[in-house]
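Some features that TrEMBL has for this protein:
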BINDING   Arg55, Lys56, Asn57, Tyr58, Lys113, Tyr170, Arg174, Ser178, Arg237, Leu238, His239  substrate binding site
DOMAIN    80-200  domain 'Pyridoxamine 5'-phosphate oxidase N-terminal'
BINDING   108-113, 123-124, 129-130, Gln152, 187-188, Trp231, Arg241  FMN binding site
DOMAIN    218-259  domain 'Pyridoxine 5'-phosphate oxidase dimerisation C-terminal'
Amino acid sequence: MPASRSMRQVEAPAYATNRHARTFADSSLYCVATPNRNRLISIVVTQTLSLADLRKNYALGSLSETDVASSPFDQFRVWFEQAIAAQLPEPNAMTLATVTPDGRPDARIVLIKGADEHGFTFFTNYESRKGQELAATPYGCLLFHWIELERQVRIEGRVDKVSEAESDAYYHSRPVGSRLGAWASVQSAEVADRSIIEQREADFRRQFGDAPPRPPHWGGYRLVPETIEFWQGRESRLHDRIKYFRLADGSWRVARLSP
Ligand SMILES: Cc1cc2nc3c(=O)[nH]c(=O)nc-3n(C[C@H](O)[C@H](O)[C@H](O)COP(=O)(O)O)c2cc1C
């Protein structure tokens, strides 16, 4: 297939979404998408691309001190519902940043499983790298990037384990494969090869059948926010940044930050 100036002129494979097509078209790349045997998209770029030239103008929305809800939880709910309504891929995926005992930053994605006045909840292995870091320094930062809405939400605060009952309730709501996976994976530990993990999964399946109990090393954490910042992209990089600070009496102070 000859190279084309626009993805729209290219016969895109069924699994190349409009989102991909838009991204490439906006970047003015000369590219062709072709299906290959393992169904990944191969992109042939026929023009040298400078990363420094990749830029996007943000013009979808705005945010002001007077518009936002008085509670950041209400504001989060509004934005999260809009992210769901916009059918973003995995709007519930967030970066969780922690800190190592020697003060170095660390980060990974986890899924948010609860957001209310008590905080933001996620589930994981308590003995994983993040679990060990949180045991030593129980503070974290959560970051959502809803790129299609030109939005970012940044949440900082103390991280505590949720109650056993809450972890049990969520664990038992998961598909049985995920419940066994929590037993099979010694999360973050080195393993010689994949077959060892699969063997552990099979062993636990034999031991527990379809009713595994919650592993003691697996459960939830809740980040209780001290600050929450809502970022809305604006033109000319003059973005809106509205930040909530929790006060001693539990109320919130709202301030605008410079972009
Ligand atoms: C979209 C996505 C969702 C994920 N959700 C979770 C999750 O909810 N809990 C979890 O423990 N790991 C989740 N992971 C895997 C983590 O990013 C990470 O690899 C794992 O938790 C080990 O991290 P650690 O070694 O820093 O403890 C997810 C990864 C991705 C890409």
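Cβ coordinates are placed from backbone N, Cα and C, and glycine is handled just like the others.
Counting only same-chain residues six or more apart in sequence, the Cβ atoms lying under 8 angstroms from the Cβ of Phe123 (FMN binding site) belong to Val110, Leu111, Lys113, Ser167, Tyr170, Tyr171, Trp218, Gly219, Gly220, Tyr221.
Checked against ligand 1, the binding-site residues Arg55, Val110, Arg129, Gln152, Arg174, Ser188 give Val110, Arg129, Ser188 as the ones with a Cβ under 6 Å from it, listed in sequence order. Non-local neighbours of the domain 'Pyridoxine 5'-phosphate oxidase dimerisation C-terminal' (218-259) in the same chain are 57-65, 68, 70-72, 75-76, 79, 113-114, 118-126, 134, 140, 142, 150-162, 164, 166-167, 170-171, 182; each lies 6+ residues outside the stretch with a CB under 8 Å from one of its CB atoms. The binding-site residues examined here are Arg174, Arg237; by Cβ neighbour count within 10 Å, the least packed of them is Arg237. Between the CA atoms of Arg237 (substrate binding site) and Ile112 (FMN binding site) there is a gap of 29 Å.
Cα-Cα distance from Arg129 (FMN binding site) to His239 (substrate binding site): 35 Å (rounded to the nearest whole number). Counted within 10 Å of its Cβ, the other Cβ atoms near Ser188 (FMN binding site) come to 14, all protein chains included.
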